[in-house]
Every structure is written in C-alpha cells, then in structure tokens.
Amino acid sequence: MRHSGSGCETTMSLDADYLEEQLLVLLGIPSPSLHTADIADHLAAELVRLGLVTRRTVRGDLLAEAPGAMPRRAITAHMDTLGAMVVRLKDNGRLAVRPIGSWNARFADGARVKLHGESGAVLAEGTLLPTKASGHVYNEAVDRLPADWAHIELRLDLVETSPATLREQGIEVGALVSVDSQPRVTDSGFINARHLDNKAAIACLLAALRAGGLPQDVRLVFSCAEELGVGISQVMFDGVEEVLNLDIAAQGEGQNVCHDGVTIAMLDSLGPLHPVATRRLIALCRQHQIPFTRDCFPYYYCDGDAAAKAGLDVRNALACFGADASHGWERVHRDSLLALSRLVSAWLPTSDSGS
C-alpha cells in the first residue's frame, strides 16, 4: 500500500537540477568495488565545498562530518559498483572475465566497458559478448548458449589482440573492467543507467546537504565495498547509535516498491531493520507528506548489515529510491529521487536517538 503522508508539509529548498547534475557526474566516474579512489576524490571535493571535513579509511572508505562534530548518528551510501576482472587472455584475442559483485551474466551481454591498467588508467574500451555472438555464424546455437560468466568474453576495440601484444600494452590477468553507465534521461522524468545503485542515493544525499547542511551529530559514510558484502565497520561507527542506510529498492513480482516516492525497508536478508529507527522514517514521511511504501527485500544486504553481523551496537534503518531492473539496466524516476532527498533533509535535524 502506498502512503501519501499526513500533516503539515514543510518546504525543502532542494535543487533538482543539482541533484541530477551530480548524479550524471557520478555515473561518469568508474568505481567498481575497492577501485573507488576517483569517485572518492570527487565526493571529497564536493563535501569540502559544502563546508565539511573528510577523511579516508585504510581500505578507501570516505567519511565526512562538520568541523568539531561529535557524531551519534550516521548516514551511509555506498560508492562502489559492480564490475568485472580479467581472468585469462584467450588465444582468440578476447578476454575471459569474472564479475566483481553479484550480477547476472545476462546483464553483461552487450555492455560497453573500459579496461584499466594497474594505475587505473584506461588502456582500452570494448564490449562484453557471449562466446557465440554472431547469429549469421552460429544461428540457433546462440539461443542454446548458457547465460553464465563462463560464456562471456571481452572483445577489445584494438587492432592487435594476441595475448603477447596485449601483455606488451600492460593488459594482464587481474586487469579491472568497469562497465559504462550509459545514462539516458527521458522527457517523462526517467533516468536510465547502470550503477544507479548506489550513485542515485549519493546524489540525493548531496542535494539534501546542499539544502540544509549537516548537523554536528551526523557522520557521512561512503563505503567502497558494499557490493562485496563487507559494508561498514567499527572504525566508521565509533560513537554512532543510529544509522540511516540509503540504497536502491528493486521492483519485481511480489514487491511493494514506491516508484514516485520512498521505499522504507522493513526486512532484508539479514532480518528486520530496527523498529525504532524505522518508525522514525515512517513518521517523518507522514509529517512532511512524502509518498512512501514499506517493503521486504528477499535477496538484499545493505551497508549496515555488515556492522550488525559484526556485533556493533547500532540501530539500522534503510530508505530507498524505487528502481526497476536492479544490477542490470536500472531505471528510476526523478520524483523518487526527490522524495528520498526530502526524507534525508527531514531526518538530518532529528537529533533524538530514543524511541
């Protein structure tokens, strides 16, 4: 059931153009898990412009807070995305790859990608394709090909692609493959792109910060390995009691995603989100007339789950933008992004950490 909220709506000076501009910039920065230095650099510069101080963990996570802050609450939005890695240079000039993060090989078919060297520089571009890619050659054998990573290969846009030649150019086993976002914004308000998970949530957070600033009791956490399932840890949450996780809600059969508002998670693969923190989100949506639904996610972990599994004494809540085709060709409507940004704006001044 979709709720439109009740009570008196407050006006929040969110800049929708800024939100969309930041999202498109973020989508243009490759950031597969643990290879997030460039996007962290961009975010750090933007957060400093917004008056915050930043620091990095040894692993590469980005933390930000107001000068002199004593955080008891945190917002987390992971900055890493799915990707792939080269596992073999094949004699036919193509590259065998394996996924970084959990995504189906069906969504790799036809993806435009960049191949990165050890320094992160782009060495080549190319396309992920099935091992039998030409209908004029293989006919119905294309249809019978299993949809798995063993039958996906990377075709590089290079003239000479023998293994020896590729090695001379610095292309080796372990080379990083980033998947192009290929964003497209429609007149109807939809944003189509890969990696909306979770760059759309980051853009929502930035818009909320630009509109209202960051209270002294809130820390921002941009994790670099959520797609690997390791999320956040003690060093990021020292002194923190409550965490607002921002992420994607995926539409599908049996789901209750709000495509023009916020989806508040009640349950994910770890178990229930904390009732106190979750009730706070629901109350804020009602107070500020933010459209929302509640949903339970069947195959889903958020940043804060890693902290909960590690035994950290924190309350987790999870608020999401609604999207279609998660971990594939994702799509979100800008109304959902604005709604999530409004919820963040409403949550930030709420310093009471009790029930």
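Cβ atoms here come from the backbone N, Cα and C positions, even for glycine.
According to TrEMBL, the feature Zn(2+) 1 binding site maps to HIS78, ASP197, ASP247. Following the DSSP three-state reduction, the secondary structure of HIS78 (Zn(2+) 1 binding site) is coil.
Summarising the annotation, TrEMBL assigns Zn(2+) 2 binding site to ASP197, GLU227. In three-state terms derived from DSSP, GLU227 (Zn(2+) 2 binding site) belongs to a helical segment. Annotation for GLU227 (Zn(2+) 2 binding site): spatial neighbours PRO32, SER33, HIS78, ASP80, THR81, LEU82, ILE100, GLY101, SER102, criterion Cβ-Cβ under 8 Å with sequence separation of six or more.
What TrEMBL records for GLU226 is active site, proton acceptor. In sequence order, SER33, HIS78, ASP80, ASN198, CYS302, ASP303, ALA306 constitute the residues six or more apart from GLU226 (active site, proton acceptor) in its chain with CB-CB distances below 8 Å.
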To see if you understand the setup: which same-chain residues, six or more apart in sequence, place their Cβ under 8 Å from that of ASP247 (Zn(2+) 1 binding site)?
ALA77, HIS78, ASP197, ASN198, ALA201, CYS302, ASP303, LEU318, CYS320
